[in-house]
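Here's what Swiss-Prot has on this protein:
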BINDING   Arg48  NADP(+) binding site
BINDING   Arg131, Ala132, Ser133, Asn243, Ala244, Gly288, Lys303, Pro304, Thr305, Ser306, Ser307, Arg329  FMN binding site
Amino acid sequence: MSHNTFGHLFRVTTWGESHGAALGCVIDGCPPGIAFTLTEIQAYLNKRRPGHSEYTTQRRELDQVEILSGVVSQNDGKALVTTGTPISMFIRNVDHHSEDYNAIMHKYRPGHADYTYDVKYGIRDHRGGGRASARETVVRVAAGALARKIVPGLIVRGAVTAIGPHNIDRDRWDWSEVDKNPFFSPDAQAACVFANYISQLCKTGSSVGAIVEIVAENVPAGLGAPVYAKLDQDIASFLMSINAVKGIEIGDGFAAAHLTGEENADEMRMGSDGKPVFLSNHAGGILGGISNGQPIVARFAVKPTSSILTPSRSIDIEGNDVNVMTKGRHDPCVGIRAVPVGEAMVACAIADHYLRHRGQVGCI
């Protein structure tokens, strides 16, 4: 299986399976001299970590990152500094129940990659989905923590804006609320609605989808290039690679199709500091594939978790009609824990383009 690497200059290769001994990544192209601590990386991993909320999977993983190469310790014994050589990180799996999947070893679970992996490779890891599991994204979050350090002042934040039929009220958007509830909701009232909805859903053994919004601030203007190296092109590609993601939009996205040219135009004026000021941000911070200095806004839709307790019709590897009921521990809404993953992928895309721009044009 190839295609386990993303990025051009800031290149991340991930490895490992859901029920293997560990998952890891190798980061190649990270500049030397980037200082960080394991505590900083762990903070992002903890946002994604399973088993600490009744609204996510009860698989309990510590998700403690270990670094094997590419850094040296500072005198304080806590801070690490990148050396410019490949950085290898891994996270051990400690709580997988592979026996839960014995009953579906020879059956294809609807909505999963079981059938397509089998068709392509002639073999698949039935234990938790193997490489197709969302468990793979844990090391992307670790890589994203480093990516944030590359672009000076970069802030990347994410939030859940909808779960199933329930949406947040954007007039109540408050970033300070995101870390106060298990749904990463910027709307405290919506978080209560999400809680009641997911609680009822869990009783039926079903699942539901979600919409996640990522906002990147302090992105310098000029990142990205026409025509086949657009910044929004890579952001969309990186986000689309996340498990269960089925749709992407940048800025107003599909809503822009319902606007007039006058409504959609991000008009400009010269600010008092001599720099241009945009009067709106329908484009989501990117024009012609190049960042314009405004916040970059991206949204992605996450489908309902395919593993549910409701029996589903399918076939087995011999072509027989069967019914499938997936046991194991699964997220009723996998979109919730996709928030830190989306943040990481956007951070990696921006860091990659920052280095590419610096290499082509010089200092930013």
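Here the Cβ of each residue, glycine as well, is placed from N, Cα and C on the backbone.
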Distance from Arg48 (NADP(+) binding site) back to Thr305 (FMN binding site), taken between C-alpha atoms, in Å: 16
Residue among binding-site residues Arg48, Arg131, Lys303 with least C-beta crowding, 10 angstrom cut-off: Lys303
Nearest-integer angstrom distance between the alpha carbons (Cα) of Ser307 (FMN binding site) and Arg48 (NADP(+) binding site): 19
Per-residue Cβ crowding (10 Å cut-off), top of binding-site residues Ser133, Thr305, Ser307: Ser307
Other CB atoms, at most 10 A from the CB of Ala244 (FMN binding site): 20
Nearest-integer angstrom distance between the alpha carbons (Cα) of Arg131 (FMN binding site) and Arg48 (NADP(+) binding site): 18
Distance [Cα-Cα, Å, rounded] between Lys303 (FMN binding site) and Arg48 (NADP(+) binding site): 18
Length of the line joining the Cα atoms of Ser133 (FMN binding site) and Arg48 (NADP(+) binding site), in Å: 14
Structural state of Ser307 (FMN binding site), classified by DSSP into three states: coil
Assigned element (helix, strand, coil) containing Ala244 (FMN binding site), judged by DSSP: coil
